[in-house]
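Single-structure report; data block below.
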């Protein structure tokens, strides 16, 4: 392949009709100037945090709602506004945002908070290696170095609690009793209301001093959000009239997920740009929907536990053998043989039945209970993804290299 060929490709895409004015406006990380349909939540949060401006410690807040209901962007919006107005009143405020999906251990959360003040304190905690008690002592020291209010936002707090327990919350919600100059307030954000069941009652009462609920958006509200972003994201006249309503309607089916709506609009624009189209049409939205679903399914399969991956491969082998739909017993038999083949201790049939239900809930397989008349009821299992897709994902998973070498004969012997 010569350089001229590549040059011509780059030139072609560079000089194609420009769809986007500012694509970043459609990213999840972008904080807009206005937040449609979240005035009630903004006012609630402002009311909870306003004591800061009077020199008083605000309550801890627990914020919850499903994915894409505007929790994170609203918290960022309100805390950024608080920081601006606090300067006017000469009240020092620090806001520390921690994504607990990534920073998911007690040690790393504490280190993250300490390192927020590294330029001021000269203290930097490594990602591993120090005793946790020492990190906590450093945290208290750097926060309490001067009079100020520190608001710690723990986003996806449920991920942290499920992985590492609630000791860190116990410490942070009581830290003010150990400080002399600074005051700390916690904002916990969760997609999962049930996660409160994991908390010690004392932690729960401290964290949930105030609660703010974010309900799902409906299709009309999603349309307003997209219209607002589209003005800044796209060049004038490039969106067909039906594009935004379709993105909103599709995302409304996904429990009113604004993130999904923004992704649909962005990916539809990217597809149109790649095609060299002068406009984004509804056809591009449907293509975007298909691409996002494929990407989501790939991510779901990649993050399955090992036994679920082996179980899925058993169903793949049955599919390649022309034996789907299969019942639970047939699937378990092949799964057990695979485990024996790769020296993995098999789970019980009852546990595998639970894993089948989980794969069904994730949409990777379809496990439908059907009546066989006088023979009773049985579960018929089918694949919802192609064997090629599963194998392609497994090809990059070092744990499953051995599994990929296995095929199955018509007599269900593994080869």
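Using the three backbone atoms N, Cα and C, a Cβ is placed for every residue, glycine included.
Annotated features, as they stand in Swiss-Prot:
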- 69, 70, 71, 72, 73, 217, 229: ATP binding site (BINDING)
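The structure, with features from Swiss-Prot marked on it.
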{"residue": "69", "record": "ATP binding site", "Cβ contacts under 8 Å, 6 or more apart": "214, 215, 216, 217, 256, 257, 258"}
{"residue": "70", "record": "ATP binding site", "Cβ contacts under 8 Å, 6 or more apart": "35, 37, 38, 41, 214, 217, 258"}
{"residue": "71", "record": "ATP binding site", "Cβ contacts under 8 Å, 6 or more apart": "63, 64, 65, 155, 189, 214"}
{"residue": "72", "record": "ATP binding site", "Cβ contacts under 8 Å, 6 or more apart": "28, 155, 189"}
{"residue": "73", "record": "ATP binding site", "Cβ contacts under 8 Å, 6 or more apart": "28, 30, 31, 32, 35"}
{"residue": "229", "record": "ATP binding site", "Cβ contacts under 8 Å, 6 or more apart": "25, 26, 32, 262, 265"}
Exercise. If you measure every Cα to Cα distance among 69, 70, 71, 72, 73, 217, 229, the residues said to bind ATP, what is the biggest one in Å?
Worked result: 17
Exercise. With every protein chain in view, how many other Cβ atoms are within 10 Å of the Cβ of residue 217 (ATP binding site)?
Worked result: 26
Exercise. Does DSSP give residue 229 (ATP binding site) helix, strand or coil?
Worked result: helix
